[in-house]
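Beneath this line is the structure, given in structure tokens, with notes to follow.
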Ligand code: FPP
């Protein structure tokens, strides 16, 4: 029993899964063992979201900056991602979970990309939960890409500069059809956004925990959602205004 208020569930939870390396180091294991343990936490959090009834979950699995890690770690991460997507696909389908990709397809190793695209295609009709995998993703890059697409549309005469609004701009992002996150969880205590969903996090509640990602399982996830339910979201208004709204 998770005892969460069903009326105040976040629609979208985004996660910066940090601390795999430190988790491994503490156990005198190599960093890849930390990522492997982290994959277990991914499984646990996906299952929790599905059970609780949270419709969108976004996981920061591989950033544009992660390419700068040692080659062996980069290769191991992609291998793990490929293996994980392949092994989880039957359960995802059984539970009617849709997989989406946020980020650049270009640059992702071909065999991994095939696995991602297969999972996206096979689960496209499901809506019980949408899991967005941010792979080869960078927030600034996403915004520049949207600006470029808009400039091209203006150049071709399909858009006019005076039509541009925040809502229109958002339709050019990878997250075009996805509501902004209500809650961002970052594990392992760092207080940074790290180029994640820069546009979409404008009004998101931030939850930072010292727990390392491999130790972050269902209990810790529910505690994060419980903390979210204690917050008062004001969106620039006063507390009195919010409390008087119907
Ligand atoms: C950060 O920990 C984690 C990553 C860069 C990768 C996240 C990947 C996983 C959790 C693996 C599985 C993912 C999926 C979607 C199956 P870190 O290595 O930066 O930790 P550190 O800061 O302690 O070194």
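Glycine is treated like the rest: Cβ placed from N, Cα and C.
TrEMBL annotations: computationally assigned, not manually curated.
According to TrEMBL:
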ACT_SITE  18  active site
ACT_SITE  66  active site, proton acceptor
BINDING   18, 205  Mg(2+) binding site
BINDING   19-23, 31, 35, 63-65, 67, 69, 186, 192-194  substrate binding site
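Feature annotations (TrEMBL) mapped to structure.
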residue	record	Cβ contacts under 8 Å, 6 or more apart
18	active site	186, 187, 188, 190, 212, 213
19	substrate binding site	34, 187, 188, 189, 211, 212, 213, 214
21	substrate binding site	31, 34
23	substrate binding site	34, 37, 38, 212, 213, 214, 215
35	substrate binding site	20, 76, 77, 80
64	substrate binding site	103, 104, 136, 137, 138, 141, 195
66	active site, proton acceptor	74, 77
193	substrate binding site	16, 139, 184, 201
205	Mg(2+) binding site	182, 183, 184, 228, 231, 233
Residue 67 (substrate binding site): secondary structure state under DSSP, collapsed to three categories: helix
The one of 67, 186 whose CB sees the fewest other CB atoms within 10 Å, among these binding-site residues: 67
Sequence-ordered binding-site residues from 19, 21, 193 with Cβ under 6 Å of an atom of ligand 1: 19, 21
